[in-house]
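Written below as structure tokens is the structure these notes are about.
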Amino acid sequence: MDRCKHVGRLRLAQDHSILNPQKWCCLECATTESVWACLKCSHVACGRYIEDHALKHFEETGHPLAMEVRDLYVFCYLCKDYVLNDNPEGDLKLLRSSLLAVRGQKQDTPVRRGRTLRSMASGEDVVLPQRAPQGQPQMLTALWYRRQRLLARTLRLWFEKSSRGQAKLEQRRQEEALERKKEEARRRRREVKRRLLEELASTPPRKSARLLLHTPRDAGPAASRPAALPTSRRVPAATLKLRRQPAMAPGVTGLRNLGNTCYMNSILQVLSHLQKFRECFLNLDPSKTEHLFPKATNGKTQLSGKPTNSSATELSLRNDRAEACEREGFCWNGRASISRSLELIQNKEPSSKHISLCRELHTLFRVMWSGKWALVSPFAMLHSVWSLIPAFRGYDQQDAQEFLCELLHKVQQELESEGTTRRILIPFSQRKLTKQVLKVVNTIFHGQLLSQVTCISCNYKSNTIEPFWDLSLEFPERYHCIEKGFVPLNQTECLLTEMLAKFTETEALEGRIYACDQCNSKRRKSNPKPLVLSEARKQLMIYRLPQVLRLHLKRFRWSGRNHREKIGVHVVFDQVLTMEPYCCRDMLSSLDKETFAYDLSAVVMHHGKGFGSGHYTAYCYNTEGGFWVHCNDSKLNVCSVEEVCKTQAYILFYTQRTVQGNARISETHLQAQVQSSNNDEGRPQTFS
């Protein structure tokens, strides 16, 4: 066996009986043939071809390694094979050299049948008369051992000269070199960790550093106040060199959980990884128009006409502090130092009384995509959410889907009010940029549905265009059955395409509740007769595709009167989604096939079994680095797309591969198509 893991734990005693040739006999049967010495204790026993006392010793004590005292073979009873490797200390090689040296010494002690005879009285060896045949077996044994060693040496040299032997030697050298590199890397990591621990031990804790940073300048003389962060004069150059680490990938920034805020962190991570949404807020500069954003008043928003520059000054001051820290070498990947530095950028509360979600998104996205920070605490963002969206105030667990809808609605309201109320006070460049941001917010998730109702009496079709910002998909009926004996939900799978097909399938309206325009066209308005009601069918189809398709899987169902439970079935979804089967037929002929292709961009996952509890995480695709990231609050891990597709998705985000201006057909063309279809059918048909 080339590699035995039990040899690494070998610890041989210095007074072992194997080093004394007079003890090379079995302690049970006293034979000297095929003698094996235990490498864990001083026990010596015979092999399996004699009485198998060595195996019995292993079964009793559990000592796996034994060495043949004459052939110097090492056998492992646990691996059931001969051992060819050695431990890092080289104990087996040293032991073999010692045994060869001991064997080479001259032994004058007489033996009988391989046993040394000693006197019980004097303790001296009793010399017995040796017979002529007595020396012949010893000579033959010595000659056999010599031939064995010569043959083994010849075979070893021949094997080393062969191609297979050369390859094996090269592989062994590479493994040894790799092991040396790993050991060197481990040694360097231990040294870096030791130096970091020494440095952190001499640095003030995070809380005191934050309080010192927020101390007013006029609170006391500069000499009497201790510095919040070590300056370049006090820190050695070697330590500064150690702190400066390579820049991180943009977007790989965790968000600290501030108390059941995982729903907010997961949604913010998803929005920041949607490239078009992120770029429009990064280009927006709210500091120039901050006085025009609404301010909070008891949970409601109102406009302020008095301009103020406090927030702009604070924002620039925070950025200057962050850049100063970076120049001094304090932007390293240490957990404690990161927390202290990030307090410079994200305060616990907005310094200005004018609360703006757009400003907080702009600031937060800048930090997350700067490539300098591994963790940020979104205090200001949470405070703004509490002020502008009172339903999410407090530390209760909230629904991520509801938070996403409310957040986008408030951002849209804020941009619309900012662009219309104080239009003349906004610079033209910022006015144009604000319009672009509002356009992106309004259109990135916006799509349109075609609601088509068909009268069963006359087969007349009536079309209505309805907007949508996400598609809430229900599970098939078999997952809503909670009767006894039903197959458990966690043992089955559901296809995303099946849920989309259920969303766009034709459903019959219950009873005669539809007032058809065609059936009531001959009836006069002044006619006192009631409207003619008929049965009808309804179908929803996608009329206009959005740039980012949000699919909300309705996992929570009502079980009883006041209890909601979760449908824990796995939904199978692919990295590429084709929306062509779910669009109206007139739309298919007017658009390119590539327009219907969507690529998976993000997944929000709910961990847990019930509504109002559990935990939210997000899987996001980083467009800058081209990899997937699992965002679990402050912990971020790179993962594969196969890992993402195995998650229990709650909200899916798909980005349109090709965006075309002609993403929908005109309503005039649609009405013409429907009118032509109705005219071609001739007389009304009745369906049973």
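Note that Cβ sites are derived from N, Cα and C of the backbone, with glycine treated the same way.
Per Swiss-Prot, the features are:
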- 2-99: zinc finger (ZN_FING)
- Cys4, His6, Cys76, Cys79: Zn(2+) 1 binding site (BINDING)
- Cys26, Cys29, Cys46, His53: Zn(2+) 2 binding site (BINDING)
- Cys38, Cys41, His57, His63: Zn(2+) 3 binding site (BINDING)
- 169-186: compositional bias 'Basic and acidic residues' (COMPBIAS)
- 169-230: region 'Disordered' (REGION)
- 253-657: domain 'USP' (DOMAIN)
- Cys262: active site, nucleophile (ACT_SITE)
- 293-315: region 'Disordered' (REGION)
- 298-315: compositional bias 'Polar residues' (COMPBIAS)
- His615: active site, proton acceptor (ACT_SITE)
Margin query: Quick check: which same-chain residues outside Cys26, Cys29, Cys46, His53 lie with their CB within 8 A of the centre of the Zn(2+) 2 site CB atoms?
Written below: Cys25, Leu27, Glu28, Ala30, Thr31, Val35, Ala45, Ile50, Glu51, Asp52, Ala54
Next item on the list: For the recorded positions Cys26, Cys46, Cys79, Cys262, work out the Cβ neighbour count at 10 Å and name the residue with the minimum.
Entry: Cys79
Check: Taking just the CA atoms, what is the gap between His57 (Zn(2+) 3 binding site) and Cys262 (active site, nucleophile) in Å?
Finding: 59
Item checked: the compositional bias 'Basic and acidic residues' (169-186) - residue tally per DSSP class, helix then strand then coil -> 18 helix, 0 strand, 0 coil
Next item on the list: For Cys38 (Zn(2+) 3 binding site), write down the residues of its own chain that are at least 6 apart in sequence and whose Cβ falls under 8 Å from its Cβ; none is a fine answer.
Entry: Val44, Ala45, Ala54, His57, Thr61, His63, Leu65, Ala66
Notebook entry, point to check: Do you know offhand how many angstrom separate His615 (active site, proton acceptor) and Cys46 (Zn(2+) 2 binding site) by C-alpha?
Noted result: 63
Check: What does DSSP give as the helix, strand and coil breakdown of the zinc finger (2-99)?
Finding: 27 helix, 16 strand, 55 coil
Item checked: Integer Cα-Cα distance in angstrom, Cys46 (Zn(2+) 2 binding site) to Cys76 (Zn(2+) 1 binding site) -> 15
Notebook entry, point to check: Quick one, of the binding-site residues Cys4, Cys29, Cys76, which Cβ has the fewest other Cβ within 10 Å?
Noted result: Cys29
Margin query: Quick check: of the binding-site residues listed here (Cys29, His53, Cys79), which one has the Cα closest to that of Cys41 (Zn(2+) 3 binding site)?
Written below: His53
Next item on the list: Could you state the whole-number distance in Å separating the C-alpha atoms of His53 (Zn(2+) 2 binding site) and His6 (Zn(2+) 1 binding site)?
Entry: 21
